[in-house]
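Colleague: Take a look at this one; I'll ask things after.
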């Protein structure tokens with residue numbers, strides 16, 4: 001049964017006002033309004049911890065067509081502050097669907113608004129830049145809404161890791177850990193590799209990708225001590241994705257530098273990439289409207305990969321020490337840094353998501369490369 005709708009309202013920090021509808025009847029939520037250009041993957045977006053404190057504007061005109069299923073969750077809850085869409089599907093149709101997106105939004109009390117001109121709003125944010133917004137079902141005046149919006153802190157200089165990281169370490173287990181083939185050969189002795197995942201808000205599918213290579217995986221809190229991590233005898237360390245301003249996570253930068261100096265193989269993804277670059281002396285900056293979508297071309301030297309991206313900060317060009325690292329990939333839309341490798345340490349990172357989920361699998365080979373690096377270091 002489809003819940004009844006009620007009027008809802010959106011106001012941005014510069015006063016832009018939109019009226020739409022909601023299936024929830026009482027909420028007020030404030031967050032950074034950002035847009036995602038993906039045509040699919042709304043479930044993964046809603047449960048990706050990297051979207052913590054953000055209101056997601058979906059540019060695709062209708063979402064919810066394939067419903068919601070338990071297997072595609074990226075975490076055990078949603079961290080978003082709200083959802084903005086042109087239309088929500090009333091009749092999802094997919095053999096994996098368990099409940100509708102509408103029912104999921106209502107059950108999880110996720111603030112949402114639909115029935116507004118999302119094309120106009122996306123172009124507006126593209127031109128003006130992402131900004132703080134408020135969505136609510138309460139009939140507040142423009143002045144009252146502006147006061148609500150002004151009370152919200154910008155994500156710049158904001159450390160959100162404590163809201164999304166695990167509170168204690170645990171091992172990832174799965175009934176099936178298949179050894180997959182890559183480059184025509186099976187991974188050898190992969191089950192003997194122990195990978196520590198430093199959890200800044202890790203997506204479940206990053207862990208799943210590692211598990212398909214038979215790795216033993218331990219997830220640890222973001223601010224674990226160097227001695228604690230080394231006591232686990234890791235063969236490699238993965239620095240996960242996550243939300244917030246990387247420059248504000250100072251303790252993690254110190255930890256990562258210690259880990260790099262220990263010569264343990266390290267693979268950084270998204271926020272993990274930014275933190276690794278910061279620990280080496282690089283600088284980060286906030287993008288005008290970020291990279292959030294499934295078709296961002298990245299590459300270097302005549303090699304191009306379609307990548308899934310979700311970030312509002314990037315490593316500033318020409319700030320990385322050239323004597324220590326090489327830039328391996330660039331975002332071909334705006335030439336921002338999309339990947340790097342250390343010249344003398346077994347460490348590398350990418351700004352995008354090689355696990356996709358959702359998105360293209362062009363860069364999944366990076367997990368196989370990480371396995372190779374760990375095996376090489378283990379032998380030597």
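Note: Cβ is positioned from N, Cα and C throughout, glycine not excepted.
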Colleague: Given that TrEMBL assigns 242, 244, 271, 274, 310, 312, 313 to the L-glutamine site, pick the one from 29, 50, 75, 78 that the record assigns to that site as well.
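Modeller: The one candidate that TrEMBL places in that L-glutamine site: 50.
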Colleague: For the domain 'Carbamoyl-phosphate synthase small subunit N-terminal' (6-136), what is the mean per-residue pLDDT, to the nearest integer?
Modeller: 97
Colleague: Compare all C-alpha positions of 50, 242, 244, 271, 274, 310, 312, 313, the record's L-glutamine binders, and send over the largest distance in angstrom.
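Modeller: Across 50, 242, 244, 271, 274, 310, 312, 313, the widest Cα separation comes out at 13 Å.
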Colleague: In the same chain, which residues outside the set 50, 242, 244, 271, 274, 310, 312, 313 have their CB within 8 A of the centroid of the CB atoms that define the L-glutamine site?
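Modeller: Those within range, site residues removed, are 241, 243, 246, 270, 311.
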Colleague: What is the number of other Cβ atoms found within 10 Å of the Cβ of residue 50 (L-glutamine binding site)?
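Modeller: I get 27 for this one.
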